[in-house]
Amino acid sequence: MTTPPKNTSGRGQRDLRVRVKTAKGRKLSSTLWLERQLNDPYVQRAKREGYRGRAAFKILELDDKYGFLKPGARVVDLGCAPGGWCQVAVERVNALGQNPKKPLGTVLGVDLQEVEPIAGADIHQLDFLADDADDKVKGWLGGRADVVMSDMAAAASGHKGTDHLRIIALVEAALAFAFDVLEDGGTFVAKVLAGGAEIEMQTMLKKNFTKVANVKPPASRSDSSEKFVVAMGFRGRQAESGAGEAEG
Ligand SMILES: C[S@@+](CC[C@H](N)C(=O)[O-])C[C@H]1O[C@@H](n2cnc3c(N)ncnc32)[C@H](O)[C@@H]1O
């Protein structure tokens with residue numbers, strides 16, 4: 001399936017990329033995907049460190065920069081399968097009480113897909129766009145959250161504009177939920193795709209949070225148009241939220 005790395009530089013340095021030979025029955029796109037996975041340092045690191053996917057490093061890097069996953073925090077992870085973000089959140093908010101001197105946090109995850117259980121996280125299978133989704137998640141949460149984070153993404157249609165609008169619908173649903181459940185001072189983190197339709201959302205975020213950053217963490221592939229908004233310091237329900245605009 002794979003060929004050993006070749007010296008192609010001509011300067012005594014080895015090209016360490018793993019090459020994947022095309023095989024009967026495998027499409028070129030699958031071969032290229034496999035080659036990219038095998039050569040991706042984050043995929044290898046995820047395996048070594050026991051994370052369920054390379055996505056874990058995106059939230060790790062965002063949290064290293066902004067520090068919202070504090071011990072004791074109550075976290076909601078929307079679109080959590082296969083579970084990398086939940087794993088990181090469990091560690092960082094001390095959901096398993098690994099550090100007895102620090103407060104215990106909680107992690108609630110939901111996804112369309114079934115997720116293998118993760119110790120310290122309460123995970124439910126749910127379509128977050130379903131009519132009663134908000135109420136169900138609020139019931140499981142049983143109170144306020146300090147962090148609402150969403151890595152939700154619909155399966156790619158191959159059409160950039162359609163994919164962008166779909167992801168915006170998911171982010172807006174996540175944001176409407178966050179306005180309802182966030183504690184004053186709380187944080188909203190969400191994946192968006194660069195493309196324009198999120199400008200209204202940015203205005204609303206700036207009105208309702210004291211700090212709004214748009215970030216592309218190093219673990220996010222440079223050839224993807226994905227980026228993340230990190231909105232911190234929720235002004236709370238006393239602020240004129242315009243949250244209704246986020247619904248729909
Ligand atoms: C990029 S993956 C999330 C990866 C995750 N953060 C991790 O670290 O493992 C995006 C997820 O969004 C989920 N998703 C998409 N639409 C959804 C919806 N309407 N409700 C719930 N989950 C959804 C998908 O099922 C998929 O598992």
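Cβ atoms are placed via backbone N, Cα and C, with glycine included.
Any TrEMBL annotation is an automated prediction that lacks curation.
Of the residues Asp40, Asp151, Asp163, Asp180, TrEMBL puts just one in the S-adenosyl-L-methionine site with Gly83, Trp85, Asp111, Asp127: Asp151.
DSSP assigns Asp151 (S-adenosyl-L-methionine binding site) to coil in the three-state reduction, outside any helix or strand. Closeness to ligand 1 is met by Gly83, Trp85, Asp111, Asp127, Asp151, these being the recorded positions among Gly83, Trp85, Asp111, Asp127, Asp151, Lys191 whose Cβ falls under 6 Å from the molecule. For the pair Asp111 (S-adenosyl-L-methionine binding site) and Lys191 (active site, proton acceptor), the C-alpha distance works out to 15 angstrom.
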